Structures are given as structure tokens and as C-alpha cells.
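Take a look at the structure below.
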Amino acid sequence: MKIKGIKLYIISMPLKLPFSTHLETVSDRESIIVEVTDVDGVKGYGEVVAFSSPWYTEETVQTCYHMIRDFFIPLLQKSEIHHPSDANALFNKLKGNHMAKAGLETALWDLYAKGEGMSLSKLLGGTVSKIPSGVVVGAKTLKESIEQIEQYLQSGYKRVKIKIGPENDLQIVSEIRKRFPDLMLMADANSAYTLKDINRLRALDEYNLLMIEQPLQHDDIINHAKLQSQLRTPICLDESIVTFDDAQNAVELGSCRIINIKIGRVGGLQTAKKIHDFCLEKDIPVWCGGMLEFGVSRAHNIALASLPNFTIPGDISASSRYWEEDITLPEVEVTDGIISVPVGPGIGFEINEKRLKEVTIKEEVFLF
Ligand SMILES: O=C(O)CCC(=O)c1ccccc1C(=O)O
Ligand SMILES: [Mg+2]
């Protein structure tokens, strides 16, 4: 791959509605858009999904900017890569910093696919042309949650995820179940519980949840296995699965029956695909998680979610779920709860240059 230059854009946009978990409320979203240009003038795009502060993982927009600018771009400048899968080994000479690595690595995948005149979905081995879409409710009160669920169901979303914690779990889950008895419903705890809460969590077994996501500590695998053995509801791990080895260990120990794959959390598409392939072999369904992201990351998620073991609707909602106007053309659209996988080259979405310019607060160019 003959890279001519890389441009980084830090962008900032308000969310339509604030998004709350028990850890943090996000109202404004900053991200880094990575644009890699090759000697033929082809441009590949990636997005860094870290938040402004380290509440979900330890990375931030600023740590990612530093890592990409001062380490990963210089590594790429010094090395020759022939395929985007070489980037993973190259970047892994340096520890951690998965979201920074993924921002750059995903741009290389887009660039390579475009160079081959192939969709990213096809390049990754995607097998479906339509994917069912789920939505996450991040409202602060039960009343708002119910109103939002009603709206989302009307617009066709196939699956709803709510955020829970020990202070409100049984109340919200039972109320929502009463109103929506057949809803494909799941709950994400973002580590709000400990093993001491086992009875509370067992009580949730009554509500036919599709899964409980990340009930225990963000880096735990052992206690989740103890908990899963006591629960009928499948546990899904999100924060705990940061590497391929984590996925292998969790499956081997029985710490979960489902895995949420986020490209940024695991350090890029290469590892995301490797975890997918392993889970397919082990009969562990996977789905694609979300990071309140812009269209570029949504597009990468769509390509990934077209792989065969993404059998559960993920957190890939429409651009309009979060943004007045997204940075891609077209925006990501959900029709009757379904997203069409683009067939055009690469991610299959163009950049809305005017919108990108409007929301850019800093940009920097690196020539090769
Ligand atoms: O709609 C989305 O983008 C996903 C929302 C979501 O649940 C989430 C958002 C930010 C950080 C972590 C999570 C999560 O899956 O835990
Ligand atoms: Mg989660």
C-alpha cells in the first residue's frame, strides 16, 4: 500500500439527546476522523471511537491523538505494508491503545478495499446484504425510556437495549416488560454489579431478556463464569473482551454465552474478525456494539456485521438516532429496522465535506 499522506480531524458535535449510563452522561461527542490518501489519490477513512474522558475504557480523544500522531503514523512511515492485515502486527509492537490503533487500521481497510474496487463487507467475508438494527435507550427516567421505546418501535427497530444498575433494575425491566411483552429486550449494566448482587440478577431471569451485558467488573472473566453458572439469562461480555485471548478465555471458562464485538475496543477489524471466526466455530453468537459514533464508524460496523455469525441485532442505529446531520453521504439509514449493506467500494459511504468542515475543531496533515 503506497501511502502519500494522512490527515487527522478532531470533530465535535452535540448529541440530539444526552446519553446516560450509570457511569457518565454524554451530551457532546468529540472524535478523530482519520483520512489516509494513497499515491493514486484514493482516500480511506477511519474513526477513533474513544470518548473525551476515560469512563468507558482508559483511552481518550487526546491519548489517541497523541498515539496516532507520535507513534502509529511514524511506524507506518518507516514500514511497508502490503495489506491492511499487516497493520495489526505492526501496531501491536506497541502495547494497548486499541481505539487509536483501530482508527488508523480501519482507514487502511477502507483504502485497500477501494483500491481493489470491492466493498469492505465483501473483502472481510461478509455474507448478508441486509442487517437487522437495534437501538439503545439512554434516557435518565423510566417515563422517558418508555416514550423513546415507543418511538423506536414505531420506526421499526428490531431490538431494544436499556441500561440498568442495582438502583433501578427490577423496576425498569418489569415495567418495560409489562408494556412491551414481546419486545426483543436486553439490558446493559456497564459493570454496575458485584457477585454480591447475585439474587438481584437472578430475579431478572423472570423477564425473558435476550441477554444481560457486562454485569460485573470491566476486566473480570472469572466472576462472570461463576455468575453465568447461576443465571438462565445469557451473559454477554463487552468491556471484558479487549483481545482475542480474552474472547478465548471467556468462552473456555463459560463467562458468557454471547460476545459484543466493538472494532475500537479490540484494536481493529483484523482482531474483530478473528474473534468473530472463533465464536462461529464455538457456537457463540456475536453482535456489533456501538460507541455513539459518527457515520464513518457506523459504516465500518455495518461491513463487520455482514459476517455470518452476527446473528443478533447490534447497536447499529441510524445516523439520525444521535445526529442532526452526520458526516457521511448518504447518512446511515434504517428502514423498517433493516440496514442495507452498501455494495460500493470500501465502506460505501462518501464523506460530507461541508459537514465535516463545519464540525472540525482541529486538523493536521502528515506527509509520507
Ligand atoms: O448506540 C450506541 O452507539 C451504543 C450505546 C452504548 O450502549 C454504549 C455507548 C457508549 C459506551 C458504551 C456503550 C456500551 O455498549 O456499553
Ligand atoms: Mg455495553
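In case you wondered, yes, glycine gets a Cβ from its N, Cα and C as well.
For the Mg(2+) site, TrEMBL records GLU213, ASP238, and the single candidate of ASP188, ASP197, ASP205 listed with them is ASP188. Across the binding-site residues listed here (ASP188, ASP238), the residue whose Cβ sits among the most other Cβ atoms within 10 Å is ASP188. Mapped onto DSSP classes, the domain 'Mandelate racemase/muconate lactonizing enzyme C-terminal' (142-234) shows 44 helix, 11 strand, 38 coil. With a CB cut-off of under 6 A applied against ligand 1, the recorded positions LYS163, ASP188, GLU213, ASP238, LYS262 are reduced to ASP188, ASP238. Listed in sequence order, the recorded positions among LYS163, ASP188, GLU213, ASP238, LYS262 whose CB lies under 6 angstroms from an atom of ligand 2 come out as ASP188, GLU213, ASP238.
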